[in-house]
């Protein structure tokens, strides 16, 4: 506006001037002109400030409208909208008038001014025009900003309109869905609609302008009440009640009404909004699947269903595969072709050669002749080059006979000492076996499976296998526990021809993702390394499950350094006509190991260990074996205090730490290792010179494996064993190992063993040598299930739990234990020798006793209580009947009744009166008789921990001292479902005593101990046998 008014004043002034006016102006005119210019500029600045302020206010109002539109009342929204429309109209009118004025003041008007102005005026006007141009530029920028603001406002209004349309469309769809889903509730809804209808009378908003209300109808619908939603909010409780009735209705009704009720609850049970008491307005509801409400019965049903599904899934893992329904593709096992050089050998030459190779013995028909070099076993050139590269010059004794036997397709049992090359003996035939078959396709499992008992052995076999697999293009995966399963699953899904595994984790892999990770349909070659320990450690069920899922015509190979006779029968179950190859006798220590056994006291062990370390540690690495994890950690601390850097290895360490410890020990980073028997197998360490058995091994096989860690691959090694006098029972196995390996037995060790045998013979005990672990895993049979059910029943009874489906649980715990005892009571009259245990009277007391006796006889005579009057009443009645007389009513004196009561009380108190002892003593050489009470309590059917509780030596001794009764354990344990043969009895406790009270006290104490153990089983019950450690 400033620019247009200024031009207008200039044009009117030019019209009023005379054409003959002089070119010069007076000073007053100039001053007035400058003042007008200053005032116009100040007015322009004020106008610009006002525009900027108004623009900021408009923007801030728009932001506030976006945030607070739903929270403000409708009246303020309408008034604000009216003010907004009026301001827009004013801005549009201003912009239109400004455009007309700017077009009327064109640049051509400046040329129509009089040409008789002075040059000074032209200069002044030139300066003013430059300022005016600058102002014009500013005004144009302001107009652009205004246009941009109007565009943004229009765009915002358009977006709001579209959003409202979407909301209305969504509301309509939700309304239709809700109406479709409440068909079954229509009758109840109609009844409640007649009682109470929704009305908008309590809406206190008055419409000021009906025309504006119609224009703003779209905005008002966003805030208006949805009658259906409001009604559903009010009948919320009725829907819940109907839902509860439908759930309780039964299976048939549940199937019909279940989906409908679920959908209604989805609409209703949303997050509860705070509803004003005066204004019951609808709330925008969204589907919230997580907010669905369930009754307690529905939740219980879901839990039961989930538990049943989980148990069914677990049972499915135990189901064997029906191989008759699977069509396996054929494969070839026999690849061995005997070279002419071996074919020419006679049987005598073969026997001589086997004798030279450390006395190879072979059992089984059709075993091929042993080879003498690698080229004779029929392997490829790639494998020969790998053998040469890694330093395998010629076959070891076990390899000379095992490789051709396996190449011929026969099952094998290989027995050889540690460090003899058993791994290569089954790897080379395996590579030939795999290369003969077609390559794996997507989704197929391995061709060869190697199972080991320990993770360390699995890693070592994998490392050995990868030396050859890379050149052959085969993939090897090591599957073992203690590490993340996701990486191993990823490797198996990519495919692998060879899997080296521990049995437990392999079963997890076969069951993962419903068997989609891997399978055993392509497996034709199975290896069990350290097979005896795998069965001893309780892996038998897992191994058998894996083997049973492999095709029956597979080739199975077993290798171990020890193979007890008890394992052979078990091994032959999964082998078909096996060949047994044994090298160097059964379980012997390598001749390269120098063995020393030291009989020493416990306190001197550590000092002797320090002496050995000072002598041998500079020459190589050292392993110290202990029996328990806590002993390993304790010895580690002692060695660290003695400035010996060392590490500890046992089963309680994480798998990652175990791997790093073994790598550091193999690399020579740490040369001293304290370990339990977990490192006794499969640990091949170069430059290992000394093995110290700090804790004496408890059986022969463990000693052989510990000593076998040193003296490998032809190197010299030393093995020292500490044994104390308390460990004399282990001396027999140590002596056996020394004798079989050709080592002299120390005299002090022989003396310790002979003293132990003499002591056992004196105690009447039979000496049995330990044959290794006898652990076993789950059998998953009916016997275990019956035992578990029986234990659960006892636990319920111990806790007083009652189940409507279990009648036995309601029986009292004492009655339950009493019934399981199946007790048998006996009372025997025992004749004792005449010698009395009462000491003979002294000379001083003899006269007093004689006087007392005479007085007693005189009193009996006076009261007519002689011997003849004390005849038994039944005897008198019998005599009367025999004589033909009549039986009179017996007369019992008060003294007789008193004596009978006194005898009962004395029997309960285990008290013998002095008068009776005197009478018995006075009878002299006559023999006396007494009663012995016996009771038998059968404990065979109680849980194992309860039997242990009452049959331990300490418990029996404590009960005997408390009750003064003798308790012995008799019979044999029979598992549930197995009945004893004729002449045998189930295990029971025999309680014996001279009086009945002692027997009752002993029985009550035994019952108390069993009851406490049954109650404790409620929280600590485990189906496995308890060991030293618990899994927390």
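In case you wondered, yes, glycine gets a Cβ from its N, Cα and C as well.
Looking at 529-532, 533-536, 537-540, the stretch flagged in Swiss-Prot as motif 'DEAD box' turns out to be 529-532. Record note: of 296, 386, 619, Swiss-Prot gives the feature phosphoserine to 296, with no matching annotation on the rest. Considering 770, 804, 823, the record held by Swiss-Prot lists 804, annotated as phosphoserine. In Swiss-Prot, the feature N6-acetyllysine is assigned, of 271, 463, 904, 986, to 904; the remaining candidates carry no such note in the record.
Separating the Cα atoms of residue 904 (N6-acetyllysine) and residue 346 (phosphoserine) is a whole-number distance of 92 Å. Residue 346 (phosphoserine): 8 other CB atoms within 10 A of its CB, across all protein chains.
There are 10 other CB atoms within 10 A of the CB of residue 904 (N6-acetyllysine), with all protein chains counted. Summarised as a single figure, the pLDDT of the coiled coil (152-197) averages 75.
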